[in-house]
Amino acid sequence: MRTLYPEVTPFEHGILCVDDNHRLYYEQCGNPHGKPVVILHGGPGSGCNDKMRRFHDPDKYRIVLFDQRGAGRSTPHANLTNNTTWDLVADIEKLRVALGITRWQVFGGSWGSTLALAYAQTHPEQTTELVLRGIFMLRRWELEWFYQEGASHLFPDAWDRYIAVIPPVERHDLISAFHRRLTSEDEATRLAAAQAWSLWEGATSCLYMDQDFIASHENPHFALAFARIENHYFVNGGFFEVENQLLRDAQRIANIPGVIVHGRYDVVCPLQNAWDLHKVWPKASLKITPGAGHSAFEPQNIDALVCATDSFV
């Protein structure tokens with residue numbers, strides 16, 4: 001079974017100003033003359049971490065990572081102004097041009113898969129391959145499954161902690177109830193809601209619970225960006241024209257090679273998502289990992305993703 005490549009240090013990092021407000025942190029790792037790949041983190045709002053550098057062979061790939069608007073080391077932190085899917089798609093292009101890259105592989109999981117599909121469908125000529133994990137397409141049923149009722153029946157203990165910050169009278173629409181608190185003028189209200197929202201996803205992302213991983217979701221800096229930006233996208237339907245837009249426009253990536261990796265026991269983003277995508281994008285190979293959940297860092301998901309990136313060099 002394949003594991004992550006060894007730790008790697010960026011050979012370059014910087015800040016890209018994408019408008020009058022947003023400044024995005026980016027970094028490059030691996031071989032400056034290697035095959036380019038851009039890594040798209042999840043959330044939206046989670047930001048990149050050092051382990052995300054390690055799915056690609058650093059001797060063969062030029063690995064580009066960046067923190068999306070409001071996330072991680074990008075500023076202003078947790079900001080929702082001009083923060084939409086299509087702003088992020090445009091940011092990816094601005095970064096590609098700024099780095100002098102003609103075409104690149106696009107790698108992303110969870111929300112990163114959403115953004116990767118949106119980017120590739122908008123800029124297929126700049127996309128050499130897609131490597132996707134934990135498919136998420138922001139359809140209404142997906143949001144209701146995880147944030148209203150569905151996953152709640154599998155993790156009732158974590159669910160009770162998630163809904164504790166919302167009065168019973170508001171629990172018929174939890175995404176909206178959290179939105180009111182995450183955009184509150186009161187800092188304590190925002191933080192309490194952000195930590196509850198963030199911990200819910202942390203508690204459900206792995207087949208076998210990882211307490212350190214769960215605890216990381218309670219960090220105030222992480223939780224505020226993660227929860228505020230995620231919720232902002234969800235109340236706006238991902239800023240898509242129609243909820244099945246990524247499936248509707250799949251013909252735009254029909255000729256792009258791809259690999260879809262999805263955990264059989266992914267509770268956050270059910271396997272149905274990958275199945276639906278594969279049916280309209282048969283050129284991609286679908287790898288269902290039989291002993292994994294949602295997290296990219298579960299052993300079987302790591303194995304499948306590293307095998308996928310190796311196959312393209």
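Each Cβ is built from the backbone N, Cα and C atoms, and glycine gets one as well.
Annotated in Swiss-Prot:
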- 35-298: domain 'AB hydrolase-1' (DOMAIN)
- Ser110: active site, nucleophile (ACT_SITE)
- Asp266: active site (ACT_SITE)
- His294: active site, proton donor (ACT_SITE)
Give me the Cα-Cα distance between the residue listed as 'active site' and the residue listed as 'active site, proton donor', rounded to a whole Å.
4
Pairwise Cα distance for His294 (active site, proton donor)/the residue listed as 'active site, nucleophile' [Å, integer]:
8
The residue listed as 'active site' has how many other Cβ neighbours within 10 Å of its own Cβ?
28
